[in-house]
Amino acid sequence: MILGSLLQLTQISEAGRRCTSSSEWKLVGLVVWFRLVLLLAMAISCHFIPDHNPGGNVLRFDMRLLNNEEQQQQQQQPQQQGEEEEDCFCIKGHFCEHFGGNDESSSGNCAIASGNTFLPSPIWHFFLAPLTKWDAARFLNLALDPTMLDPKCSTTSGAVHCNFDASEEAHAFFPLFPAIVGQLAILAMNLVPLEFLPPTFEALLTLCGFLSNMTCAVVATLCLFQLTLSILPEEMKPEQQRHIAWTTCLINGVWNPASVFFVSNYSESLFSATTLLGHYLFQMENNLIGMGLGVVVWTIGSNVRSNGILQSLWLIVYALAKTCAYAITRNKKNSGLKYHHFYYYYHHHLVHAVFAIVAAVIIAQPMKWHDLQGFNRHCHGSLPSNQVPEWCALQQEGNESFSLYGFVQRKHWNVGFMKYYEWKQIPNFLLAAPILLLSVKGVYQWIHYSLVTDFGKGKLPLPRLILMDWPIQALAESVSTSIKTTNSNPLRPEEWLIHNPWLLGHYAILAIVTLVGAFIAHVQISTRMILSSSPASIWYLTFLIMQREEPKLQIAARTYPCLYILLGIILHVNFLPWT
């Protein structure tokens, strides 16, 4: 019902719009408004529903906004430390200590004293507490204390003992999102009077993470709007194009089953923004500068999440497509294509193919850099030779296949091929089932369109043609300058989100990330991982919601996001299993 009202609002607004830019900014306003309402709902749920105890191995993030008695009960900290931290904005040893200047009023364990804020601490805690749960605590702790990446050692009776578990676990989280949050908090601390900021640096980090994700939501909305317009045929009426783009952005920014994670201090919002911005820039094929900027943005995204490397695979598909288009162009030359036309297509396709391969290699480098940083922190420096982790020997022996990130995931979270297939994980598989089924159906429907409807002219081709000819044609059509449909019946506007040869690369990435979620990663992260990694997942969900051929499927597609948003509001913020 809510989505229907939003779509009706979209249609009414469309009639009065005269320019696309105005339409985009109204859409942005709607997305921002929804995120604020969602934050309020999360805060109410967090305040009135008691926290579940997830176990002692789950990292917490203390914003130091509770009074001393509550701190003693929940954090079990000594009274002396609580007194030292009272009215303290920045504690010594934290990231903020080196950027706050000399505070003569500070004492003891306090580096910067807190001023009188315009909002009392309980209000700050009410709104910010739901943004610190589960993996958000990991990111915020890394932003607060980047030295968590370093192994912690102690000396007992002259012997050095090191514990590598905490530092290894920290390397399972890529560094860019906590680094951005930390720098934003430092910037705010130095530009804005402390009276207008939360009373502790920890709370300021939480606020900056939320504002950063809100900014990323704006960027993602604007980019997805333009990207959706770019995949629609020019023959479609402008109002139909804008309506589809509007609906797609509403589903991504408002009706998103993973909305809770995009609002909280998770890295999905930043990663989604880099993914969509990169695609928006890269689709400017006639502008190598734009394509280069797209590669830069994707490389940044690879510093946010490990699945940023998927864009390398997208570029490899793009390079293969350009190569196939070049091969077909050569055949046309032998059939009478003029030389200057052939030279143009040769230059266009081959240069872009080489560019894509080089770019794919560049985008994969942040993973190597992240592993190298972890190796340097654990295997070199002041640690005694008998206190380095065992995996250092694997790296020193020149084992190119060794990855610290993969090792940490296997050791501490049991990540690996089908390792999560246990009876006790059935509830998590049920939670991930909707997005996995939706993704599989979307990939299957695109393949059926390309193979049977387009290539086979309505019939399943011979196996030889499926293996040899169809891949070449599908790849070449994915980079063609115009869409040629062989369907005798005209497509409805929303069908272009699935029956579209230009979307091969996007649905290929959707297939890969779905396989990763189903067989390798913790299956419960599939919803946020898939919806932040591939615009094809949003396009297909939009298609299911807009189509009217299967009413039951349409109802299910509209109900699924609503149900998961409500469950996220209740479960995630109270440390219940919604990660």
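Glycine is treated like the rest: Cβ placed from N, Cα and C.
Residues or ranges marked as transmembrane segment by TrEMBL: 31-50, 173-192, 204-232, 244-264, 284-301, 313-329, 349-367, 428-447, 504-523, 555-576.
Using a Cβ-Cβ cut-off under 8 Å and counting only residues 6 or more beyond its ends in the same chain, the transmembrane segment (428-447) has close neighbours at 257, 420, 498-499, 503-504, 507, 510-511, 513-514, 517-518, 522-524, 526-527, 530-531, 536-537, 540-541, 544, 557, 560, 564, 577-578. Counting C-beta pairs under 8 angstroms (sequence separation of 6 or more), the transmembrane segment (204-232) reaches the transmembrane segment (31-50) with 3 or more such pairs. Remote same-chain partners of the transmembrane segment (313-329), defined as residues 6 or more beyond its termini with a Cβ less than 8 Å from a stretch Cβ, comprise 295, 337, 342, 345-346, 349-350, 352-354, 356-357, 359-360, 363, 472-473, 475-476, 478-480, 504-506, 508-509, 512.
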